[in-house]
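Before any comments, here is the structure.
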Amino acid sequence: MMSKHPHSPSTPQDETPSVPGRRRFMNSAALAGLATVVACTDKGAPAGSAAATGVAATAEEHTVAGLHPKPGQLDTYYGLWSGGHTGDMRVMGMPSGREIHRIPMFVPDALVGWGITNESKKVMGTRPDGRLKYTVGDTHHVHASYKDGNYDGRYAWINDKINSRLGRVRLDYFICDKITELPNVQGFHGIFPDKRDPVDPQINYTTRVFCGGEFAIPLPNTAGIDDPAKYRSLFTCVDAESMEVRWQVLIDGNCDLVATSYDGKLAATNQYNTEMGAHYEDMMSAERDACLFFNVARIEAAVKAGRFKTIGDSKVPVVDGTHAANQDPKTALTAYVSVPKNPHGVNASPDQKYFICAGKLSPTATVIELARVLDWFDGKLAKIDDAIVAEVELGLGPLHTAFDGRGNAYTTLFLDSQIVKWNIDAAIRFHKGDKNAKYVVDRLDVHYQPGHLNASQSETVAADGKFLAVGCKFSKDRFLPVGPLHPENEQFIDISGDKMVLLQDHPIRSEPHDFIIFKRELLHPKQIYSLDDFPLATKDPKQSGVVRNGKKVTVRLTSQAPSYSLREFKLKKGDEVTLILTNLDKVEDLTHGFAIPKYDINFIVNPQETASVTFIADKPGVFWCYCTHFCHALHLEMRSRMIVEA
């Protein structure tokens with residue numbers, strides 16, 4: 001049994017004896033696996049209820065299903081999805097679930113030439129010899145910039161967990177324009193932008209991005225490598241505009257996901273390894289972990305006052321956020337709120353009042369009132385745990401929470417394969433002792449084992465409670481079999497009424513994690529570039545040609561469907577060649593490709609875009625450069641001869 005705590009969880013009131021056979025089987029299998037893990041700690045598995053409330057209504061029975069766009073119609077929402085270990089960001093249309101675009105981020109992409117062109121290599125980062133520094137990535141969490149509590153359409157950010165990088169996407173062109181590698185961090189997992197400045201009321205938009213380091217390491221990572229007790233994690237703040245690291249915080253425990261308050265004063269991360277264990281049994285040994293809060297203004301004041309250190313070769317200021325250094329609330333930089341065992345996920349409610357931590361190994365969600373956290377920092381609250389206003393049971397394996405803007409929360413239950421809809425105010429009343437407060441509103445079976453979820457506009461003050469997307473980690477029998485590797489199952493749900501309605505399944509290539517959904521009118525994408533955006537642009541085909549400077553050769557050419565400005569160009573074996581291509585077409589959707597056989601080169605240029613590649617002409621002969629991206633009825637004739645003389 002879990003040990004008692006002043007905020008011991010309350011139990012749900014909606015148990016019913018009916019559990020569908022498939023989910024009963026999956027519950028049993030999942031619980032058996034959990035029991036094996038928990039047995040390593042000599043502690044029992046947390047109790048909870050997973051009963052379904054009955055068969056869900058079908059999409060055909062529900063009017064909102066008619067909002068699915070017909071051919072030629074546009075979706076009403078954008079969705080930005082992480083790609084997982086494909087290392088990209090994906091753009092979806094909602095509510096159709098149609099994948100519209102993939103934005104290359106941390107790994108090469110042969111279609112667009114990401115990691116091949118000089119421009120993309122500059123963003124990705126290279127070694128001294130010009131090779132890419134990294135060729136793999138693992139994107140988990142995507143979030144966008146804010147103004148006045150809603151998305152402003154400027155930027156989106158996404159993490160790379162493998163190599164601790166933060167990537168930024170310009171939402172006017174849907175391209176990655178900057179990547180920053182975080183110093184002294186491994187397992188960079190959760191991210192979240194701030195929503196306004198904590199001090200200056202005129203700065204009502206995002207200026208910081210907070211990043212959580214999940215894996216503790218020696219600091220620097222060359223000293224004490226055999227002593228896990230000395231490993232530590234860092235919480236990082238990155239400047240939203242320059243993408244430079246502003247500061248870091250040394251903490252006890254680790255970081256998982258990240259949330260920020262709407263007033264800009266607080267950031268937080270849930271912690272599942274306050275034990276700072278190096279083995280998973282140790283990571284589950286404590287009955288309660290923490291939601292760690294950061295007082296942003298105080299941290300930046302400490303940095304400005306010089307109360308920091310640096311680590312290794314990094315020049316980034318690092319302040320002390322450990323328990324020992326933050327005993328006095330009136331000077332503390334951090335506050336550790338106790339939450340049940342191994343939480344997974346912390347989310348900010350759109351009414352700006354609460355952060356909610358889901359329990360994972362506890363069947364509970366913990367509601368933390370932000371005003372009380374600020375009271376503790378001001379010395380007005382006796383104990384930081386008094387900021388907890390509810391801790392209620394939801395079901396087995398709660399992970400992540402979304403909101404509908406009507407006071408309801410939606411939490412994924414991994415072991416139960418369910419979404420539970422619950423009312424926050426009712427949960428608070430129930431926690432205070434009102435046993436008539438029915439906080440569980442509805443349950444819906446999903447297929448199967450849901451991880452992340454998000455609702456339309458959920459993480460803004462404009463949460464509209466229309467659609468919910470759920471990322472199910474296992475698709476099992478939902479799609480045609482294609483061999484051992486299954487797709488993920490993204491399920492879309494109508495949440496506009498009292499009951500949740502499952503609308504559709506979508507197979508998606510492994511392995512997305514988090515995502516956001518927002519109204520399309522918040523974005524104003526440009527579909528044709530400006531020539532002036534590119535310093536290397538060749539603005540007139542007459543400027544095309546070959547310029548030699550010793551062994552270094554520059555080839556300039558333009559493209560206008562269906563031809564390149566140079567029908568052929570000559571090089572000598574051993575030349576270092578920089579080829580610059582400008583697309584002079586001004587027609588939307590008229591993208592050109594450029595491939596050089598046997599030279600491992602392919603890239604595209606969109607209308608009015610310029611891109612370049614550099615390579616060694618090490619193979620003599622004739623090589624037909626051709627357009628790989630269909631652009632004209634004479635597409636196959638769009639070629640140029642590269643002649644390399646021996």
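Each Cβ is built from the backbone N, Cα and C atoms, and glycine gets one as well.
What Swiss-Prot records for 1-21 is region 'Disordered'.
Positions annotated as signal peptide by Swiss-Prot: 1-52.
Summarising the annotation, Swiss-Prot assigns Cu cation Z2 binding site to HIS140, HIS189. Sequence-distant contacts (6 or more apart, same chain, Cβ under 8 Å) of HIS140 (Cu cation Z2 binding site) comprise SER82, GLY84, ILE158, ASN159, LYS161, HIS189, GLY190, HIS513, ASP514.
Summarising the annotation, Swiss-Prot assigns Cu cation Z3 binding site to HIS141, HIS452 and lists similarity to another entry as the type of evidence. In three-state terms derived from DSSP, HIS141 (Cu cation Z3 binding site) belongs to neither a helical nor a strand segment and is classed as coil.
DSSP gives ASP289 (Ca(2+) 2 binding site) a strand state. The Ca(2+) 2 binding site annotation in Swiss-Prot covers TYR272, GLU275, MET283, ASP289, ASN342 and is backed by similarity to another entry.
The Cu cation Z1 binding site annotation in Swiss-Prot covers HIS344, HIS400. In three-state terms derived from DSSP, HIS344 (Cu cation Z1 binding site) belongs to neither a helical nor a strand segment and is classed as coil. Every protein chain shown contributes to the tally, and the Cβ of HIS344 (Cu cation Z1 binding site) ends up with 20 other Cβ atoms within 10 Å.
What Swiss-Prot lists as Ca(2+) 1 binding site is LYS473, GLU488, and the listing cites similarity to another entry. Cβ neighbours of GLU488 (Ca(2+) 1 binding site) (same chain, under 8 Å, six or more residues apart in sequence): GLY471, CYS472, LYS473, SER475, PRO507, ILE508, ARG509, SER510, GLU511, PRO512.
Per Swiss-Prot, the feature Cu cation Z4 binding site maps to HIS513. HIS513 (Cu cation Z4 binding site) falls within neither a helix nor a strand when secondary structure is assigned with DSSP, and so counts as coil.
The region 'COX2-like' annotation in Swiss-Prot covers 551-646. The region 'COX2-like' (551-646) scores a mean pLDDT of 98 in the predicted structure.
In sequence order, SER559, ALA561, PRO562, SER563, TYR564, HIS592, TYR626, CYS627, CYS631, HIS632 make up the list of same-chain residues 6 or more apart from MET638 (Cu cation A1 binding site) whose Cβ falls under 8 Å from its Cβ. DSSP classifies MET638 (Cu cation A1 binding site) as coil under the three-state reduction. According to Swiss-Prot, the Cu cation A1 binding site annotation covers HIS592, CYS627, CYS631, MET638.
Swiss-Prot lists CYS627, HIS629, CYS631, HIS635 with the feature Cu cation A2 binding site. Using a 10 Å radius centred on the Cβ of CYS631 (Cu cation A1 binding site) and all shown protein chains, the other Cβ atoms total 23.
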Open item on the list: Tell me the Cα distance separating MET283 (Ca(2+) 2 binding site) from HIS141 (Cu cation Z3 binding site), rounded to the nearest angstrom.
Closed with: 23
- [ ] Inside 10 Å of the Cβ of HIS189 (Cu cation Z2 binding site), count up the other Cβ atoms and send me the figure.
- [x] 24
Task: Cβ-based neighbourhood (8 Å from the centroid) of the Cu cation A1 site, residues HIS592, CYS627, CYS631, MET638 excluded - done: SER559, ALA561, PRO562, GLY593, THR628, HIS629, PHE630, HIS632, HIS635
- [ ] By DSSP assignment, list the helix, strand and coil residue numbers for the region 'COX2-like' (551-646), in that order.
- [x] 3 helix, 54 strand, 39 coil
Task: Spatial neighbours, same chain, of HIS635 (Cu cation A2 binding site) - Cβ under 8 Å, 6+ residues apart - done: ALA561, PRO562, CYS627
Open item on the list: Using a Cβ cut-off under 8 Å and a sequence separation of 6 or more, which residues in the same chain sit near ASN342 (Ca(2+) 2 binding site)?
Closed with: TYR272, ASN273, MET283, MET284, ASP289, GLY359, LYS360, LEU361, SER362
